[in-house]
Amino acid sequence: MDRRKKIYLGTNTKMYKTTAQTVAFLKRLNQLTKDISRDRMELFVIPSYPSLAAARESVPRQSVSLGAQNMAWEEEGQFTGEISPLMLQEAGVDLVMVGHSERRHVFRETNEEENKKVLCALKAGLSPLLCVGETAGEKGFGIAEEVIRTQLKIGLYGVMPCEARKIRIAYEPVWAIGVNGEPASKEYADQIHTVIRRTLTELFGAEAGGDVPVLYGGSVNPQNAEELIWMPGIDGLFIGRSAWDADNFNAVIRKVLPVFEEKRAGEGAE
Ligand code: 13P
């Protein structure tokens, strides 16, 4: 299974960093991590739209994949203010985030809209990184699993098993994200990751569904990164604040990579 071979680590810089700051960040991150084979790690950065082209020029594609934070669900048309997947492709983008918590909750995007974006991204050859996660209220009512399953089943509706290898999932509980967020416990995160894996295999079958990487995000920091990545259901980490300084991100990478590899070696021995 390809998913097990490497760790997935990425950051979303949200509405922070100018183009100059993004380029400086990428160059430093690439420099700091160049000794780590990309067969062991998929490293991605998701900066602001205007910085994408310069970001792509600044580091090799094989070293750092680039993502966009959002996308329209059509390739072109009368959609003032929107960005087409073709424009992202032209800028050298590899993946596109769909349904980040801030898109769903600040900008009121729906599961149906996320689905249209996932299908449109796949058509354009981009990898959708579909973000899912329950609010504190939904968790309180005991419906987190139902919410996640609904987000996945609608968000991925119509995706073929042969396209599933392009998909990545990020589990980001809304209550865990950002300055007021409280990180999920490793046990809770792993429990939801198990539900996500089960849903993916229901949708795509054991082989294709078993191969989709599922990342955890939401207040990942240097203190909790190792215990999270040690959990069997967690294939990678999607980090905000703790990764926005390249040296800090590199420090987290150096902590989690050996833990991840020890976990996978142990699974192989079972
Ligand atoms: P934080 O790590 O800052 O909580 O942000 C997570 C996130 O939203 C990544 O997309």
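Positions of Cβ are set from backbone N, Cα and C atoms, glycine also.
Features reported for this protein in TrEMBL:
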BINDING   Asn12, Thr13, Lys14, Gly178, Ser219  substrate binding site
ACT_SITE  His100  active site, electrophile
ACT_SITE  Glu172  active site, proton acceptor
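Sequence features, as recorded in TrEMBL, placed on the structure.
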residue	record	Cβ contacts under 8 Å, 6 or more apart
Asn12	substrate binding site	Ile46, Gly67, Gln69, Met97, His100, Gly217, Phe238, Gly240
Thr13	substrate binding site	Thr22, Phe25, Val45, Ile46, Pro47, Ser48, Trp244
Lys14	substrate binding site	Gln69, Glu102, Gly240
Glu172	active site, proton acceptor	His100, Ser101, Cys131, Val132, Gly133, Tyr216, Gly217, Gly218, Phe238
Gly178	substrate binding site	Ser219, Gly240, Arg241
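Annotation note: Asn12 (substrate binding site) sits in a strand segment as assigned by DSSP. The binding residues for substrate are recorded as Asn12, Thr13, Lys14, Gly178, Ser219; their greatest pairwise CA distance is 14 Å. Contact annotation for binding-site residues (Asn12, Thr13, Lys14, Gly178, Ser219) versus ligand 1: Asn12, Gly178, Ser219, each with CB under 6 Å from a ligand atom. DSSP assigns Ser219 (substrate binding site) to coil, not to a helix or a strand. Every protein chain considered, the tally of other Cβ atoms within 10 Å of the Cβ of Ser219 (substrate binding site) stands at 21.
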